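Only one structure is covered here, and it is reproduced in the block below.
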Amino acid sequence: MIARQSKKQQGISLAAIALMMVLAQSNLIDVYADHMMWIAAAIPSTALGTAIAFAGTRYSLTIWWQLTFLTLTQFIIGPVIALPSTTIAHVIPSLDTLSQGWEMTFGAFKYLISVAPPVGTAYGSLMAVWTIGLWLAFLAGTFAISDHAWTSAIAAIPLATAMAVCALLGTSHGWHRTLCGITFAVLLIIWMAWRLELMEWQRWFCALVVVTLAAGLAVGGSALASPHRLILRDTYNPPLSPYDYTSPLSSMRSYIKDHRDDTLLTITNLPAGTPVRLAVMDWFDGSVWNLSDSSKASDCANYQRVGTTISTDERGMAFTATFTVHRGLADVWLPLAGAATGVQFLGKDENSPFYYNRDTNSAILPSGTSEGLTYIESGIIADTPTDQQISTAKAANISQPKALDVPNAVSTLASAAAGGQSRGGAAAQDLAAMLRSSGWFSHGLQNDYPSAAGHGNYRVNTLLTGTTMVGDSEQYASAMALMARELGLPSRVVLGFLPKDEDGDIINARGKKTSGSGTEITFTGDDITAWVEIKLRNLGWVAFYPTPKESKIPDDSQSSAPPDPKNLVRQPPVPFIDPLRDQTQLRGQSALSGTDAEAASSDESFWLQFHQAARTAAIYSSPLWITLTVCVLILAFKALMIALAQRRGSPRTRIAAGWNALRTLAVQSGGMPLSGTRRNQAHAIAHQFGIANQALQQLGREADYATFSGRNITPAQSTQYWTSVKWLRTAMLRSMPRLKRFRTQLSLRGVTVRISRQSRSPSRAEILKTGSAGSIHRTSSASRPSRASRDNRHQYQSQNTRPADPSRK
């Protein structure tokens, strides 16, 4: 069905396409969690895509110009909207804007898959919705305004692709997904019925009933279907294994020893008395506490890359604090307080990717912390439960990895300390109170009371069964966490900074006033502490501090033996290894390999630098080589079309295609469309390029003879004809200036032929309307041959004889 659309009809089609495209992209609203920024990217990209498709209806704007507009829109306008921080005055694109825009054109899709929503609008993530809206709206719009009605139906393919891609990149619940999906489907059906002229408005009531029933079936079917929705993000396994890192608790003694009085971290506007956590560990392998690997399906291993916005269910006091890392704090564990709702890096580190664990409220920065790192955290400080609430709470039921090689003394002393208490908050309180009251404090450094480092099974057994229960938070936290496990309490060890006084107790007076109305607190290496968290029903993870007061130092005049020594098992003999240090499992510092880190060789270093330099050069030179790639593709496409025209079809068809190749080249050079007989076209081409008219006239006569004579044409004749065509095409190109010749070779004008007629076929409604009155009397100009065709056919059919192979002069 061929029917030229009026400008009004094309406008209606493009408006319907734009509306359906926006409905498809609505699946990404809750992914960004920023309605205004989503609107700023989705609406303009869709509008520009449909506008560029509409521009193709003008004869002067060929497909080449459309591709140029699409390229400029994708790589200049898109990055300005998606990366406003890299622009000049938020309007003019800089070199970083263009290079990052090119990189995030493809990287934004990977970012949406790998980052847990809401991802925010940082790092150029809006380039994903911009790319979808621009290119798929252009494709759908191009098909929608086609003169061929059934070709317009192909527009449903880009629309369905947009709906599927956005759903796969979205979330499991979506943004009003049922309403948007039904509206999309109903609008698509109505538009296609109108475009294919199947819409019978006089039967509007029946159509309304059908649409209502379809919508009802869609809603009912979605209600009965499985609520599970396929999301690519759910099947993505991030290349990060926290177990590959060395135990964070093993580095505690080194911070205290090397940076006891050095400022490691400064925080402004942090609520008073708030702990800052570095890492959370839930697996004891007999030697160290560490983060369990992902194979154990533990909460502590669930690190996901996040954007600037982080979702949380925590309730409490909201805060916004600025963290500044100083020299000495160099690790992959990012200091954070409370439950983070957003983290924004400043300065040169603003695009640093990091991983966050919503279950432990801890983060990993793969690039590592370093001096000068500054970031802003927005978060929630949960309310602290009262002692009464803790004592009456029961233990939560969760799955944790089993602790290995636990000393017998742990179980014995845990049972004695709990004193028959139920397995809940009261038992945890008794464990912490027993260790605080019975133990003594010492870091074991120079001038301190002797105390071995480590927190493995040997060191914990020494703490509980030795002649003196002495140690610091590393040992006491490890011991209490293991004792809690023996009583059936879910436990984990936390390492972080505590705003404490000389006794090691948390105080609110550590911070100081700044010049404004804010506060500032500094943490030194001596503030790094380990504590225990127990998960209780309706309270979540509750912190316990089993370490004795830091002012409680043992001496010879006081009894420092562990409680109830008769109930404890006999101390095992000293092992052959050094008892002062635990066996630290060596693991690589990379989250990707899990192998031991080794110094790179000179060859590896060279190739690493070469790869980095090549990648940087490729990104910054992307506008140049993208343009070159497009040019090469166009030249290859046109060469393929010429080759197919020369070899495909009968000899008669090949000769006609050869003349069309000459005619198309003349049009691509900027000339007006050629009309009339081939004799007139040959004269116009000769005049335009200043070449011999005789050769063109001869080729035109041979094409007419092959088309209208009805005589047999041999393959040799078509081959000889194409030889002359190629010679003339070369002459035509050589006659042009160099710049015009290059533009002609890249022009796609006339490559695709638009099929159009002045009249159209009657619609079904018209047939039904006129059927009772008799047959339809209609004159179609398309049904009559053109005057030039009749003249040519009469000329060659009137000749009785004609040589099969006309000679050339």
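The backbone N, Cα and C atoms fix where each Cβ goes, and this holds for glycine too.
Bear in mind that the values here come from a model prediction, so they are computed numbers and not experimental data.
If you check TrEMBL, you get these features:
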- 465-548: domain 'Transglutaminase-like' (DOMAIN)
- 550-574: region 'Disordered' (REGION)
- 757-809: region 'Disordered' (REGION)
- 12-29: transmembrane segment (TRANSMEM)
- 35-55: transmembrane segment (TRANSMEM)
- 67-92: transmembrane segment (TRANSMEM)
- 112-138: transmembrane segment (TRANSMEM)
- 150-170: transmembrane segment (TRANSMEM)
- 176-194: transmembrane segment (TRANSMEM)
- 206-225: transmembrane segment (TRANSMEM)
- 624-645: transmembrane segment (TRANSMEM)
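Counting Cβ pairs under 8 Å to the transmembrane segment (67-92), the stretch among 12-29, 35-55, 112-138, 176-194, 624-645 with the most such contacts is 112-138. Mean per-residue pLDDT, taken over the domain 'Transglutaminase-like' (465-548), amounts to 92. Count of Cβ pairs under 8 Å against the transmembrane segment (112-138): among 12-29, 35-55, 150-170, 176-194, 624-645, the largest is for 35-55. Counting only same-chain residues 6+ beyond the ends of the transmembrane segment (150-170), those with a CB under 8 A from a CB of the stretch are 1, 13, 17, 20-21, 23-28, 30-31, 109, 112-113, 128-129, 132-133, 136-137, 139-141, 143-144, 177, 181, 184, 188, 192, 195-196, 229-233.
Through the fold, the transmembrane segment (35-55) approaches residues 10-11, 14, 17-18, 21-22, 25, 28-29, 61, 65-66, 69-70, 73, 77-78, 81-82, 121, 126, 129-142, 144-145 of its own chain, all at least 6 residues removed from its boundaries and within a Cβ separation under 8 Å. Per DSSP, the secondary structure of the domain 'Transglutaminase-like' (465-548) breaks down as 18 helix, 33 strand, 33 coil.
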